[in-house]
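Engineer: Positions annotated as compositional bias 'Polar residues' by TrEMBL: 32-67. TrEMBL lists 32-71 with the feature region 'Disordered'. The feature transmembrane segment is assigned by TrEMBL to 89-108, 120-139, 160-183, 189-211, 218-242, 254-281, 293-315, 335-353, 365-384, 390-411.
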Amino acid sequence: MLESTAAGGLRATLNHHAQSTAAFIMTQEMNNGLSSHEPKPSNTPRTDSSNGSTRQPGQDSEATAASVSHEPQEKQLSALKGLGILDRYLAIWIFLAMSIGIILGNFVPETGPALQKGKFVGVSVPIAVGLLVMMYPILCKVRYEWLHELFSHRDMWKQICFSIFINWIIAPFLMLALSWAFLPDKSELRTGLILVGLGRCIAMVLIWNGLAGGNDEYCAILVAVNSILQMVLFAPMAVFFIRIISHESGTIDISYSVVAISVAVFLGIPLGAAVITRIILRKVAGPDWYERTFLRFLAPWSLIGLLYTILVLFASQGRQVVHQIVSVIRVAAPLVVYFVLIFFVTLWVSRLLGFRFSMVVTQSFTAASNNFELAIAVAVATFGPNSDQALASTVGPLIEVPVLVGLVYAVRWMANRWGWK
């Protein structure tokens, strides 16, 4: 009896242990099966393809958590949140400068004639001063000491060739087509628009490029290339577009000297001054003082010069704009289409070609900006200050400034929205 009882207890104990062991094995197999579908942590560092940096084990989860925790706040930030008060509210300051200029030009009759009295290479002295003040601080930021290294890279020549194609083939023909589409019955206004389309920007593009986050060094090189080509190509292309393609009547005599002097003054003077300033101050005071103190002092003067130039421009032309409002509106329509279309086409093609964000910005604003000071100087020298050609060239910057300010905001918003880098 005792032996049977002991045997029964032993069998029960063995069955219990067997069931426990089987349950443990099944649990382990289930855990192994689930874990086989999850990525196993690696103890080896890996390279981040987005920026080339090396990540250590465990950093991915931390970075992911940080990005998740900060993503809602980043989406709420304005595209221009990181800028100073002058940059951030640039649209407001420009609107005020334009409004004050138009009010002065209309309600103070002496304003326009007074601002137009002195001429410097075909442009009024107050506007010329504003352009020089506007460009000097930006050109002081360019690192000329290593520009030569950029030309050893294949990417630099790719950027130059693309810029030449857009600026000297696509843009002039686009302006020609738009001028005929919007102004088929106004040959004088059409001629003024063609001159605006041929003048590739060498001044304000540096400001738009900087505000939108473009590459300063590449922009300076593209501006220099456009300046050289402008001195060579502007006059023959103007004759070709106006006389041969458009069959405009009258004599078109555009002097190479007018073009060369305009480019030399509005690019050569601030560029030469900036190069000399950078070389001397970096050598005397040191690179750190130059970057941290001098450039910080100069920074607001570009936008101050821009606002001053806009105010003077609108004040000197405000009366003419109001009194010829129909012609101004007719000229403004193709200009708005031109600036927006050439900008976004260049941006789209640049993205397709795989350009970095900074280069996409530089190429787009270089294509959309125009040398209005050259167009005005040539129109005034060739057709007279009171001609419709001069009026059309004057309307150019009046439309370009607010449109490109809007494009600065647009491209920064797009970069923030889609994470362009």
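Using N, Cα and C of the backbone, Cβ positions are placed for all residues, glycine too.
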Engineer: Do any residues, 6 or more residues outside the transmembrane segment (335-353), come within under 8 Å Cβ-to-Cβ of it, and if so which ones?
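Structural biologist: Residues 162, 166, 170-171, 174-175, 178, 182, 193, 196-197, 359-360, 363-365, 367-368, 395-396, 399-400, 403-404, 407, 411 contact the transmembrane segment (335-353) from elsewhere in the chain.
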Engineer: What stretch, picked from 120-139, 160-183, 218-242, 390-411, has the most CB pairs under 8 A with the transmembrane segment (254-281)?
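Structural biologist: Most Cβ pairs under 8 Å with the transmembrane segment (254-281) come from 120-139.
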Engineer: Answer yes if the transmembrane segment (160-183) and the transmembrane segment (89-108) have at least three CB pairs under 8 Å among residue pairs 6 or more apart in sequence, and no otherwise.
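Structural biologist: Counting Cβ pairs under 8 Å, fewer than 3, so no.
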Engineer: How about the transmembrane segment (89-108) and the transmembrane segment (218-242): at least 3 CB pairs under 8 Å, pairs 6 or more apart in sequence, or not?
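Structural biologist: Between the transmembrane segment (218-242) and the transmembrane segment (89-108), which are separate recorded stretches, there is no contact, as judged by 3 or more close Cβ pairs.
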Engineer: What parts of the chain pack near the transmembrane segment (390-411), using Cβ distances under 8 Å and only residues at least 6 beyond its ends?
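Structural biologist: Answer is 79-80, 90-91, 94-95, 98, 188-193, 195-196, 204, 208, 211-213, 310, 313-314, 317, 320-321, 324, 327-328, 331-332, 335-336, 339-340, 343, 347, 361, 364-365, 368-370, 372, 375-376, 378-380, 383-384.
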